[in-house]
């Protein structure tokens, strides 16, 4: 972990922005150690350009670093957003921004949101210039996919003051989006017209909802005016979600499924690695790996005892570096070695494994030897592209913590 932290600090030295603050509070500029970037330009949101011209929000990169280094106080202080309450963070840039007097219309493509996800927190982050005047604004939010029918999500009033510190303004839109998640509609194929959703939204008792746009103010998909104070690069919706327990892990976007469906995977490079074959979820894949050497303990027949050894996974070597932003490599560890007969508590055997070792001692031809396997695993937080969006997700059972015999 110390090595990973050091790598992250070097990687983020020139591309970081301050920690987020609670909605309706002006952000304080708090760059990471070694940062030399003044974050007051919308263009900085693009991050470093990849050779395939991909972009990622710097906010997502810092959120990833905060989680890995344990500096997650910014989220822990927010209501209902303890670190353990979410396992996925999805960032969505606005697809379109339009303006009609003091009414702003923001459109997002939420097709990447899984039906099995439960919304924990939704933040609308808007980058405003220092010269932005103070006046009341009504913001209408829509889901729009490929310029097709528009799904009205909700509206709220905002009065963003002139900012003297960070130009970022953060709004908590969780209550506005919760009905959309609870409907459990297939957003890839089912769309409601803006007028229908607006009429339904206006009747909600939620204080964060305001009256729906009137007939003369309804969203016009052909409207071309762009707000003076923002553009799509400076408007981002950040969704903190958790897979519902009722989903029973069916359809959960595992790393294997994400890799198989990613358009950024280097198939040609991966095909050159010998011996690659597919496994079930939660099992390590047989990729090109670098194994470190650890001093061995020996038993009577000369074989080392069951122990944990290094297994460095380098995503560049397996053709995954194009879609995985961080980490570029990590130590997954693995288990190898012999299990003594009979077993003892040092190797954390189950009762069944212990009895199996006893039978093996007295009847060696009857059963096979216990196997050296992982008995404790830990998750790995990963920042990567899922389709055209950037996702921060905690993948379970990615690192071997302890080995034992079973």
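For all residues, glycine too, the Cβ spot is worked out from N, Cα and C.
Quick look at what Swiss-Prot annotates:
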type	residues	note
DISULFID	306-372	disulfide bond
DISULFID	335-403	disulfide bond
DISULFID	339-405	disulfide bond
CARBOHYD	71	N-linked glycosylation site
CARBOHYD	136	N-linked glycosylation site
CARBOHYD	172	N-linked glycosylation site
CARBOHYD	344	N-linked glycosylation site
REGION	195-222	region 'Disordered'
SIGNAL	1-18	signal peptide
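Each of the disulfide-bonded residues 339, 372 was scored by the number of other CB atoms within 10 A of its CB, and the lowest score belongs to 372.
Secondary structure at residue 403 (disulfide bond), as computed by DSSP, is strand. DSSP classifies residue 172 (N-linked glycosylation site) as strand under the three-state reduction. A straight line from the CA of residue 339 (disulfide bond) to the CA of residue 306 (disulfide bond) spans 6 Å.
For the recorded site, residue 136 (N-linked glycosylation site), the DSSP three-state label reads coil.
In this structure, residue 372 (disulfide bond) is part of a beta strand by DSSP. Of the listed disulfide-bonded residues, namely 335, 403, the sparsest CB environment within 10 A is found at 335.
Across the fold, the C-alpha of residue 335 (disulfide bond) and the C-alpha of residue 172 (N-linked glycosylation site) stand 45 Å from each other. In the shown protein chains, 11 other C-beta atoms lie within 10 A of the C-beta of residue 344 (N-linked glycosylation site). Candidate recorded positions: 344, 403, 405. Nearest to residue 372 (disulfide bond) by Cα distance: 405. Considering only the recorded positions 136, 172, 306, the residues lying within 10 A of residue 405 (disulfide bond) on a C-alpha to C-alpha basis are 306. The recorded positions shown are 306, 344, 403; of these, the one with its CA atom nearest the CA of residue 136 (N-linked glycosylation site) is 403. Taking only the Cα positions, the spacing between residue 306 (disulfide bond) and residue 172 (N-linked glycosylation site) is 51 angstrom.
A gap of 13 Å separates the Cα atoms of residue 344 (N-linked glycosylation site) and residue 403 (disulfide bond). The most densely surrounded of the disulfide-bonded residues 306, 405 is 405 (count of other Cβ atoms within 10 A of its Cβ).
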